[in-house]
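Asks: My questions will all concern the structure given below.
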Amino acid sequence: MASEELQKDLEEVKVLLEKATRKRVRDALTAEKSKIETEIKNKMQQKSQKKAELLDNEKPAAVVAPITTGYTVKISNYGWDQSDKFVKIYITLTGVHQVPTENVQVHFTERSFDLLVKNLNGKSYSMIVNNLLKPISVEGSSKKVKTDTVLILCRKKVENTRWDYLTQVEKECKEKEKPSYDTETDPSEGLMNVLKKIYEDGDDDMKRTINKAWVESREKQAKGDTEF
């Protein structure tokens, strides 16, 4: 029954209650009056509850501002050393200890690692190192975040072995720079190879100096041959 109808019934019961003189009739009307008032109260509560629900549904959804990570910076500066069990890579990043733990991620494979630091001062930082000099244990490798520093711990697959370089590429580049000496050839031939490399890599002044020394050496040899 609508609230308006209940209100009309209540008014009529009140009128009858005022006119009634017999106790039995008055008790019945009083009980009916209480019943109608309770129904009206329940109707009003239901109406208020529905109104509140409608207002909640009409509220705009809260807008969550996206976390801006800006652009990604590639990390090129780092230091490293080693122990019998680990190769340790040190990366300096100011404030890295203040970002959430889940923002510092490292993925390991047997011959590589990939570091990603997200949302540090509005930027992300990335470092990918492939072709490690020797295999590492993926399960035994880990990271530590210290004050302004990320420490990457690569567990050596074979302990008590020395790494002269961090990567295979670095090793190959360094070995190319070394002059090649063949211990089985004549020492003078090895010296000539070194001089030849210096000549090829040198500037014009260096080439003139070597040419002059070469001519003087040949002249001395020729002079020595004629004295015997």
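For all residues, glycine too, the Cβ spot is worked out from N, Cα and C.
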Asks: For which of K14, K88, K118, K156 does Swiss-Prot record the feature N6-acetyllysine?
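Replies: Going through K14, K88, K118, K156 one by one, Swiss-Prot flags K118 as N6-acetyllysine.
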Asks: Which candidate in K19, K74, K123 appears in Swiss-Prot with the annotation N6-acetyllysine?
Replies: K19
Asks: By the record in Swiss-Prot, which of S34, S83, S126 is the one labelled phosphoserine?
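Replies: Record lookup in Swiss-Prot returns phosphoserine for S34.
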Asks: Hey, which of K8, K23, K212 does Swiss-Prot call N6-acetyllysine?
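Replies: Of the listed residues, Swiss-Prot records N6-acetyllysine for K8.
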Asks: With respect to Swiss-Prot, which of the residues K33, K85, K157 bears the note N6-acetyllysine?
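Replies: Record lookup, Swiss-Prot, feature N6-acetyllysine, residue K85.
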Asks: Tell me, by DSSP, whether K118 (N6-acetyllysine) is helix, strand or coil?
Replies: strand
Asks: Near K8 (N6-acetyllysine), how many other Cβ atoms are within 10 Å of its Cβ?
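Replies: If we count other Cβ atoms within 10 Å of K8 (N6-acetyllysine), we arrive at 12.
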Asks: Can you tell me the mean pLDDT for the domain 'SGS' (168-228)?
Replies: 69
